[in-house]
């Protein structure tokens with residue numbers, strides 16, 4: 001059973017998805033206008049896209065600079081309808097020839113032939129016979145015949161994505177034949193009448209005949225000499241790219257680029273286009289044979305295929321073919337004006353010249369910001385002149401294009417739409433993602449001549465080379481450090497200025513970098529967005545997840561070239577190399593011992609300060625090294641405990657409160673109360689968990705008094721016997737029971753009687769304190785043996801101590 005309308009229904013659904021932006025995996029950006037599409041549809045309709053997507057490039061620059069023509073071609077792909085007019089036929093033809101869509105090319109040529117001016121008012125054969133009139137008449141006849149055939153063939157309902165070429169012109173539709181008979185005055189061009197063309201897929205012969213006739217009559221060649229063309233195209237493309245109004249960019253949805261004012265960020269895609277996108281299979285159409293001179297002769301797009309006799313590759317663009325030939329001949333006609341290095345391609349030569357002096361000579365008089373191109377400066381000046389009409393609602397910043405505004409809004413939302421397919425790490429801009437992909441790609445062909453660092457993309461190498469430029473535009477004036485982007489330099493300058501513009505909404509702590517703020521906020525929210533797909537363990541940072549995943553896979557991609565040792569992270573390799581070179585820039589101010597990295601120095605300083613910042617969250621014991629804490633957790637708690645790292649806020653005062661201090665404070669606090677007697681019992685007697693709770697309550701009281709005197713005091717709880725410090729009273733109270741001679745503070749309040757245990761105390765002879773028993777005495781202080789209680793009184797509730 002056949003369903004003739006099924007293919008038409010599928011095409012309609014795809015068009016609706018395109019209009020709504022659903023399931024689109026490709027985006028064109030032309031003149032700031034975004035066109036979404038499906039790669040499968042593009043490849044089905046265009047030989048160019050079919051070959052292009054085989055290479056799977058994320059971003060490709062196309063020689064398409066008019067949004068109107070591209071919009072018409074996309075509309076044709078999804079609806080099989082094309083609105084042609086004398087005003088837009090050139091734009092549509094330019095796009096169609098570049099994308100190798102022969103049906104549209106044929107129709108555009110036919111329409112242009114009908115629109116050519118007549119040489120005489122009568123328009124008869126005799127007048128046409130003069131000055132090439134016979135040739136023009138023949139072309140007109142073929143074009144009219146072609147349009148008529150296509151119209152007749154299209155009267156049957158097309159099945160599948162057949163081409164409907166439709167020209168709408170406000171008035172009543174007329175046939176192509178009647179339009180061909182109309183004539184006008186000699187001084188006015190004769191325009192074609194409005195027609196509706198519906199070519200059937202079976203009308204290929206008519207299209208082929210028309211193509212052959214029209215290609216022979218082509219009077220205008222669409223190419224220039226490759227040397228001049230390459231340089232001019234490269235310059236024009238750069239200017240238009242960075243102004244946001246340049247050649248179309250074809251992008252996969254996962255790595256979409258907004259056009260706009262970030263030339264430093266987008267320079268790595270300037271040379272992304274390759275010849276491979278314009279190569280065709282041998283079955284595409286017949287080859288035109290001839291000598292080398294014939295094959296290099298400039299022809300219109302799609303009118304001839306050039307085949308390399310050495311390797312068999314085919315090209316429709318003469319300029320691409322000439323550049324390819326230089327691979328075999330070894331010819332390098334383009335040389336760098338600074339170092340005379342030779343190149344076979346003008347774009348590569350131009351990119352190389354930028355590495356010598358990527359300065360920005362065009363400066364803004366208003367704010368001093370500089371640009372490499374005058375066109376970018378003019379675009380920037382729109383901000384000051386009030387032409388920047390796109391305003392951010394969050395911070396009020398103005399932008400000249402909507403694309404720049406959208407990219408800026410990601411800063412406020414924290415959204416990172418560009419995700420790495422290998423490790424899941426997300427990025428707010430595609431350039432950062434592309435640079436991150438360097439860590440996964442082992443095939444790095446582009447090598448830095450200064451430091452031997454390698455890259456898999458020439459754009460990333462170009463960005464890296466800025467580091468080696470003496471007195472370059474991205475050099476910190478304070479410390480001389482070089483950066484690849486102005487954004488990185490701006491963040492670095494905050495280190496010297498002390499500026500911290502990013503504030504945590506939970507604790508008001510300030511940060512110089514938005515990424516640091518984002519990681520800090522996760523401490524409050526408990527968010528761990530980076531989850532391991534193998535074991536389910538979650539992490540707050542993507543870098544931690546990457547290192548963790550490599551533990552599963554055993555991957556150690558970073559190799560020391562000197563000893564062959566491999567590492568999970570690049571920072572580990574960098575530290576390892578410093579050991580080889582004996583570079584120890586971090587020196588201890590107390591003993592002058594030097595260390596390779598600042599982390600080792602921080603661990604060493606703890607020896608001098610006696611600090612134990614690594615705390616076991618199970619028992620509260622502190623350690624001066626994290627490896628000692630891990631060993632403790634493993635042996636004492638069988639691995640069922642966590643780790644706390646004590647990091648006091650900057651500028652806060654740290655007050656160490658010992659057990660002896662707490663006893664004194666508690667005694668002084670109770671001096672005015674009705675305390676009858678304090679009895680001291682050796683710890684050798686039974687000490688219960690209930691008594692420990694009593695101790696915690698009294699410690700809390702003492703801490704409360706300290707905090708009332710100075711609310712900003714940060715309190716650590718220290719053990720008198722071993723010096724261990726704890727974050728809270730509970731941890732200290734649990735720890736106290738480890739030492740046999742340690743004191744427990746217990747005292748009497750208005751309602752209950754408590755005791756203080758101490759090493760120097762005595763106990764009435766014959767009196768044994770059993771577990772769960774407390775000593776009660778009369779409030780009037782009457783002498784006698786203490787009475788025993790079956791249960792312990794409940795400890796008074798106190799506010800929790802500050803951590």
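Glycine residues also receive a Cβ, built from the backbone N, Cα and C atoms like all the rest.
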Phosphoserine, as annotated by Swiss-Prot among 120, 792, is found at 120
Choose the correct range: of 34-56, 57-79, 80-102, 586-608, which one does Swiss-Prot annotate as zinc finger? Give that range.
586-608
Matching 614-637, 638-661, 662-685 to Swiss-Prot annotations, zinc finger lands on 614-637
Pick from 362-384, 753-775: which range has zinc finger per Swiss-Prot?
362-384
At the Cα level, what's the spacing in Å between residue 397 (ubiquitin cross-link) and residue 481 (ubiquitin cross-link), rounded?
29
DSSP on the zinc finger (474-496): how many residues come out helix, how many strand, how many coil?
11 helix, 2 strand, 10 coil
Same-chain residues at least 6 positions away from residue 481 (ubiquitin cross-link) with a Cβ under 8 Å from its Cβ, in sequence order, are 475, 492
Run through the Cβ atoms and count how many others sit within 10 Å of the one on residue 397 (ubiquitin cross-link).
16
